[in-house]
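Enquirer: Please see the structure below; I have some questions.
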Amino acid sequence: MAALKYAGMDDTDSDDELPPGWEERSTKDGWVYYANHEEMKTQWEHPKTGKKKRCAGDLPYGWEQETDEKGQTVYVDHINKRRTYFDPRQAFTVEDVVVKPKRYDGNTAALEILQGRDLSDKVVVITGGNSGIGFETARSFALHGARVILACRNLTRASKAIGLIQQEWHKARVEAMMCNLASLRSVREFAESFKAKNLPLHILVCNAAVCTQPWTLTEDGLESTFQICHLGHFLLVQCLQEVLRRSAPARVVVVSSESHRFTDLLDSSGKVDLALLSPPRKEYWSMLAYNRAKLCNILFSNELHRRLSPRGVTSNAVHPGNMMYTSIHRSWWLMTFLFTLARPFTKSMLSWQLQMRTAHAGLWKANLILIKM
């Protein structure tokens, strides 16, 4: 302590507090260094503790690192519209931070999940990204730097969605491309147009869906709920499979639903029944068609993961939660109520897993047959 007193470093309240004339700065890659303005020198070690520090994690949400006209690093806070030469991460250096596991629940927003992530080197494709869950997903990826492509059938709505995202951050990289899942021709055209851009594909989110729709056939002669919710996505992944492999590590996310529990795809002999996938009008019930399509999503995702994960492409099916307000249909409150009543009567996990193993290969073959029709 005598040496510190002699050096003029004992007049601070804590070991971490800098003595007069010193300033804490950081490099572009987050290493902290110390500048002594009186002696005009810099050093890596803290002048009192002798320890080195490094900023923890990425910049907070809304912040961006830029370079001013003098070549100095400046930090821009887009949310509060201000600039500073002080790295906001210096408040949380690795020496000070106690890393705690994050806990997420039903109230967690997508932006919170991606907090601190830098996705500027990622390319993301999202079907149905102009509204609902797809829009929030696209917004979250774009605001964290990813290049996001909205694969939508309505380009006018997609343009409005892009405008909303870029209002939040003018540098957000979002674009829209035509992709109508009710047309296998349109899906193939989208895939070819995307591949013509010579971009990688790190994340493919199969999100688009319809529900409680009246019975209609697509231009391919298939029931529309089944084709839009499932078969169109199956074809899309098949068309982009090589791009995903070249972009590894990559992932496919298939948005399914809890309602997959309330149906079956197998006939009495235990084989996938094609008539259940695309039923005629007299055997059609909109809710059951949706449930079957969501079950197809899960079976497809599981089989896709088995086939592609050895090559660095993972696939996951997700249940987004019983959302009360999305544009998929207008009676979600009724579905939530029915789920609550019916849950005790759903199949056990053991019997469910056995049936899923039986259906994986059968559904994959059925899909291949249908997209070649």
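Note that Cβ sites are derived from N, Cα and C of the backbone, with glycine treated the same way.
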Enquirer: Any idea which of 1-24, 25-48, 241-264 is down as region 'Disordered' in TrEMBL?
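Expert: Result: 1-24 is the stretch TrEMBL calls region 'Disordered'.
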Enquirer: What does the DSSP secondary structure composition of the domain 'WW' (16-49) look like, as residue counts for helix, strand and coil?
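Expert: Per DSSP, the residues of the domain 'WW' (16-49) fall into 0 helix, 14 strand, 20 coil.
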Enquirer: Averaged over the domain 'WW' (57-90), what pLDDT does the prediction give?
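Expert: For the domain 'WW' (57-90), the model's average pLDDT rounds to 81.
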